[in-house]
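Quick notes on the structure that follows.
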Amino acid sequence: MKIAIIGAGNLGLAIAKGILHSNGATTMYLTKRNTTDIQEYEKYGNVTVTSDNQKAVKNSDILIFAVQPGHLEKILEDVKGSLTENHVIISTITGFNIAKIEGILGAEHHIIRSMPNTAISVGKSMTCICANEKGKKKIDLAKAIFDRMGHSMEIPEEQMQAATVICASGIAFWMRLIRATTQGAIQLGFDAKEAQELAMHTCSGAASLLIESNSHPEAEIDKVTTPKGCTIEGLNEMEHQGLSSSLIRGIVTSFEKISQIKTKQL
Ligand SMILES: NC(=O)C1=CN([C@@H]2O[C@H](COP(=O)(O)OP(=O)(O)OC[C@H]3O[C@@H](n4cnc5c(N)ncnc54)[C@H](OP(=O)(O)O)[C@@H]3O)[C@@H](O)[C@H]2O)C=CC1
Ligand SMILES: O=C(O)[C@@H]1CCC=N1
């Protein structure tokens, strides 16, 4: 697979690392206007770093756009003439809908809209995808690309904003929970490094229990909460302090914010 990442910033580079990590491309182009800080990627023999988006497009089959929303329209206009019907166009841009991309490029292109998260750099992204009518023929290919770097799910485009909150912003939410657990562990006497190790591996184990045994969180909670024991005492106190409620309210607030952001501002 010949892949170009147009906009090798935070997310673009995370995707590039995920692709390198999974040996997912025969060649990869990484583009940005100022390439100095990503030049080192050329040490991987199959990677070309350039500020020439058209060159990247002409030499690639899969085009992953990871620029800021306000830059996308102009970049699409610039590369439009180099596109063929064989290209698969994957956008990661928040809030930029398929109709708008079709409006710039035309509906004859395979267009996939995706929302990965930054864990893609370590092959653990939860990525949601949807496609235009033509792109549906390539949805399995897009799923295969993202499944190599984590787990993917096809969703209706109307749910893309909600998926952004749960999966992309979700990385920040889970980080804060891990950090708070770490602070609790420090208060109980572990040093900072040990405390983080305990918190993050317990978090990873909890998620793996659900993923691998296909069970429900409450069923797993029932297994750990000894009657009159310390777990139920701590858990109930967390709920009295509003743990579930504050998470749900935070998620809904994020969603309200993302819904307010107008495409023209993006
Ligand atoms: N899924 C997720 O977890 C997240 C998704 N996003 C989405 O991903 C997109 C990228 O976000 P993020 O990575 O944080 O943004 P960054 O600003 O870090 O990266 C964007 C990159 O695009 C480059 N760029 C700008 N203009 C051009 C151009 N004409 N041609 C090629 N490259 C260009 C910039 O580099 P230079 O200035 O040198 O050109 C920059 O490195 C956003 O649309 C955002 O909505 C954002 C955060 C998280
Ligand atoms: O915070 C934001 O608005 C963007 C979208 C998802 C992650 N970062």
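Cβ atoms are placed via backbone N, Cα and C, with glycine included.
Straight from TrEMBL, the features:
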- 2-93: domain 'Pyrroline-5-carboxylate reductase catalytic N-terminal' (DOMAIN)
- Ile6, Gly7, Ala8, Gly9, Asn10, Leu11, Ala66, Val67, Gln68, Pro69: NADP(+) binding site (BINDING)
- Asn53: NADPH binding site (BINDING)
- 157-259: domain 'Pyrroline-5-carboxylate reductase dimerisation' (DOMAIN)
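Ranked by CA distance from Asn53 (NADPH binding site), the binding-site residues Ile6, Asn10, Gln68 have Ile6 at the top as the closest.
Taken together, the residues of the domain 'Pyrroline-5-carboxylate reductase catalytic N-terminal' (2-93) have an average pLDDT of 96. For the binding-site residues Asn10, Asn53, Gln68, the ranking by surrounding Cβ atoms (within 10 Å, all protein chains) places Asn53 first.
Within the same chain, residues at least six positions away from Ile6 (NADP(+) binding site) with a Cβ under 8 Å of its Cβ are Gly12, Thr31, Asn53, Ala56, Val57, Leu63, Ile64, Phe65, Ala66, Val67, Ile75, Val79.
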